[in-house]
Amino acid sequence: MSISCTRNFFKRFCVEEYNMDTFKHSSFLSADLLPSLGARINQSTKLRKHIISPFDPRFRGWEMWLVILVIYSAWICPFEFAFITYKKDALFIIDNIVNGFFAIDIILTFFVAYLDSHSYLLVDKPKKIAIRYLSTWFAFDVCSTAPFQSLSLLFKYNGSEIGFRVLSMLRLWRLRRVSSLFARLEKDIRFNYFWTRCTKLISVTLFAVHCAGCFAYLIADQYHDPTKTWIGAVYPNFKETSVWSRYVTALYWSITTLTTTGYGDLHAENPREMLFFVFFMLFNLGFTSYLIGNMTNLVVHWTSRTRNFRDTVRAASEFASRNQLPPNIQDQMLSHICLKFKTEGLKQQEALNGLPKAIRSSIANYLFFPIVQNVYLFHGVSRNFLFQLVSDIDAEYFPPREDVILQNEAPTDLYILVSGAVDFTVYVGEEDQVQGKAVVGDAFGEIGVLCYTPQPFTVRTTELSQILRISKKSLMSAMRAHVEDGRVIMNNLFMKLRGQQSIAIDDPNSEPESLLKEWLVGGSKTGEGNASDQGHGHKYLQLHDSENIDMGSTEWRDSRRSGYGETKRVREHTIEIEEGEKPNKEFDGKGCSDADLTSFEFHSQEAYPYCRSNIQIKQHEAAKPKDKRVTIHLKSRDKDLSKLIILPASIEELLRLAGEKFGYSFTKVTNAENAEIDDEDVIRDGDHLYILINENS
């Protein structure tokens, strides 16, 4: 397991972050590749022959090997410059092998494609690659790779001459590879940014300490009087001590000076050292500012969430105290803020909002589809309906004893409990009475949303709960787009209400069809739904009766007296409702005369005790229902006449109209089976009606 983890860790350095599981070779999906506007983004992935992609994992591995050699060079160059004379020993052989690797890299660079800074496309023409390299870093790479230590042996002076030792310091040019590596790792999402920055700052600090110590020792070593140096004043025979002891002493002086500790035991003894120490301390001023600034930025960024959280808590506490809010509301406010802070990393709503809708829909479908599918309200609906619905779902966390829904609150959302538990309470007198409980997988708030009624319960959490919220607008759009699924939802709600003892249904033959038709605001045949969405003062209910029952003005008056039976007929027709923004808000009637307004009340408590609405209708603007055509027959012993007419609003009007057509006085209406009809609601379009003559006329 440890070997596999180590292999995967080092693989991150060699493979681009977007190519880990997709392409093995010559992959171009890189964070550095960004085609310009209008350019082709599907650039061919096949380069010219003998041209290497800079994003090839094998080339990335080669670069990582060179970075390791650069780290070695960064340490050995100042160390050899100050402490070691050039000799044909093992260190001499290692240095030349390292130089050989960098010489190979110089040749290899002529065959590596580069990223054009203007088009952000790879350039694989050998001529352009060569011109670009020769005009930029070629000379510096050659100077940093030249074996000056070996060349010094060809001259009469030995390899310890200061001139060749200075030229060997050109190998520090290779450090640009380390800088490029850190710049790439800081943008790589697979590596922690904080620890990447800390590693970079620590590396820079150690390199500065190492170089300063080596340079300080070199000045003391080259001074004509060893006892008049910063190290000779303490160790007169320091040149006779081991290299390790001298190197540790130099590091000790360097770190105490860099950290401005300055114990005073090691200090400058001659003007040459004093001048170097002055410049080194000036360098320390800028370098310390760089370190402190970067570390402060990292720490502040790390603790900014906590600081913002404490500021929010303090502001909420001051607001509650200033407005003298009750203790229970204060507790809910603080609990909600604390829970939001703890679950901020789980939601990341801002990050999701920045993604394209297709990606957000895929995430929501993966997270919420199985949960919504098991809710009783959506049993039997199509997958397309659920997919459209889950795309607009929001997940929220609620602490214990927090109100999710308030009793008599305007219905705005439907909730699904994912984890935790909630209680349904009703405020009676001066105390709350628990009417029920919801467990994981239950939905609540559906009665208010689907029945256009204020919420019948207060829903309060009893423990830490995760709840999915579906807005009324999203549910409305989905049900309009899938009418059959909307009918299934209403049937599921109806069966749930019939099965609950606390929500009794007196009429078992009632159907939820009329509720569905009332809920579908602004149907497909009309554009009235847009008026409501745009803030206009009208709301239209498209209520289509499956039996096309006619309704006259007399029934509007009768509906106010006869309760549910007549109200059902009223609701099953197309009407125009003048009201405010909220469905359960009464229209104030301003601007209309008393003669224009007919007020009535939907009393559907017998079937749905929580589905009620007080709405005022502007009668003269009410849409006319579809007229029913019926055939009336004169039924007598010696005559059989028939006429096709428009069905009037009542049986009395029908008998009067038949009397005008046939010239007789009629008393009864029957159908083809000789069954007497005393209610016009049972008459359908196209029926044949038989009129009985009053024998006394």
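Residue 1 is the first one shown; counting continues down the chain.
A Cβ is built for glycine as well, from the same backbone N, Cα and C atoms used for every other residue.
Taken from Swiss-Prot, the feature transmembrane segment covers 64-84, 92-112, 135-155, 166-186, 201-221, 273-293, and the record attributes it to sequence analysis. Residues annotated as N-linked glycosylation site in Swiss-Prot, with sequence analysis given as evidence: N158. According to Swiss-Prot, the feature intramembrane segment maps to 249-268, an assignment based on sequence analysis. Under the heading domain 'KHA', Swiss-Prot lists 629-697, citing sequence analysis as support.
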Stretch-averaged pLDDT - the domain 'KHA' (629-697): 79
Leading contact stretch, 64-84, 92-112, 166-186, 201-221, 273-293 vs the transmembrane segment (135-155) - CB distance under 8 Å: 92-112
Chain residues in Cβ proximity to the transmembrane segment (64-84) (below 8 Å; excluding those fewer than six residues from its ends, i.e. six or more beyond): 10, 13-14, 91, 95, 98, 101-102, 105, 165-166, 168-169, 171-172, 174-175, 177-178, 181, 207, 210-211, 214-215, 217-218, 221, 243, 246-247, 250
Intrachain residues whose Cβ lies under 8 Å of the transmembrane segment (166-186), provided they are six or more past its termini: 63-64, 66-67, 69-71, 73-74, 77-78, 80-81, 102, 140-141, 143-146, 148-149, 193, 196-197, 199-200, 203
Cβ contacts under 8 Å made by the intramembrane segment (249-268) with residues that lie 6+ beyond its boundaries: 82, 205, 208-210, 212-214, 216-217, 230-231, 234-235, 238, 274, 276-277, 280-281, 284, 287-288
Secondary structure content of the domain 'KHA' (629-697), with strand meaning DSSP E or B: 15 helix, 26 strand, 28 coil
